[in-house]
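Below you'll find the structure, written out as structure tokens, and then a few comments.
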Amino acid sequence: MKYVGAHVSASGGLANAAIRAAEIEATAFALFTKNQRQWRAAPLSDETIAEFKAACEKYHFGPGQILPHDSYLINLGHPVEEALEKSRDAFIDEMTRCQQLGLTLLNFHPGSHLQQIPEEACLARIAESINIALAKTEGVTAVIENTAGQGSNLGFKFEHLAAIIDGVEDKSRVGVCIDTCHAFAAGYDLRSAEACEKTFADFERIVGFQYLRGMHLNDAKSTFGSRVDRHHSLGEGNIGHDCFRWIMQDSRFNGIPLILETINPDIWAEEIAWLRAQQIAEVA
């Protein structure tokens, strides 16, 4: 079973995210549980929690179909201790909010060394940050997203993801989300079925499909290997349709949220319908 949706707005209340996902006939969705560009947010009220859970139940979204995303401000590998602590506290708050909402996943960008510490030290800090957050929360898996590698962002190599996972003590509560645009921009070819087979064979060898907890399905305005993060609508960018057809026909991507972050929300319903239509020839 493929769960397909988009990163929808939670404007006006978290329950609205589930409603908006249902309106585009999604079977999965992503959301921010707070303003993603602010450090602090008011605690979730009992009413907000109840309304969100009721909306998810009404529209048949289980926890495994929802992939919340944390704030863009958080840097779990920050080289400066004070800023690192601020990020860690904010991440624990994000995990706690997910726990309160009955959600089991939290997607996040791993972190940046800001040209101040070596890659290895930054990756170790990220793993330590995850360990701290997991120790203070229950039931929520930390889902590391691969990046395009802009600036000093880490996570653009599968080896980075593997190194972080290696440093996490509770392997049952860590996973990854692969963003197709980010992977392509980082130098992983996805332009044909053959290229996808090779890229995901590398992923299986280095990270392992057992850790795959979600996907972001985005075409790329950015060019191959450019390390530039620019999303595009499916089939309109430099990746093309073949990659997304291949994913929809491969059972290894079953049972996880497949989330659009493409640039035109007005055609999300069409993109979801197109993706669903590709399953007709699904192969085991």
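The backbone N, Cα and C atoms fix where each Cβ goes, glycine too.
Because the structure is a prediction, the values reported are computed rather than measured.
Its Cβ placed at the centre, GLU145 (Zn(2+) 1 binding site) has 21 other Cβ atoms within 10 Å. The Zn(2+) 1 binding site annotation in Swiss-Prot covers HIS69, HIS109, GLU145 and is backed by sequence analysis.
Its Cβ taken as reference, HIS216 (Zn(2+) 2 binding site) is surrounded by 26 other Cβ atoms within 10 Å in the chains shown. According to Swiss-Prot, the feature Zn(2+) 2 binding site maps to GLU145, ASP179, HIS216, GLU261, an assignment based on sequence analysis.
Annotation comment: Swiss-Prot describes HIS182, ASP229, HIS231 as Zn(2+) 3 binding site, evidence class sequence analysis. The Cβ of ASP229 (Zn(2+) 3 binding site) has THR147, ALA148, GLN150, CYS181, HIS182, ALA185, SER222 as same-chain neighbours under 8 Å, each 6 or more residues away in sequence.
Counting only the Cα atoms, the space from HIS231 (Zn(2+) 3 binding site) to GLU261 (Zn(2+) 2 binding site) is about 7 angstrom. Around HIS182 (Zn(2+) 3 binding site), a 10 Å sphere centred on its CB holds 27 further CB atoms from the protein chains shown. Excluding the listed site residues GLU145, ASP179, HIS216, GLU261, the same chain places ASN107, ASN146, CYS177, ILE178, THR180, CYS181, HIS182, MET215, ASN218, ILE259 with Cβ atoms within 8 Å of the centre of the Zn(2+) 2 site Cβ atoms.
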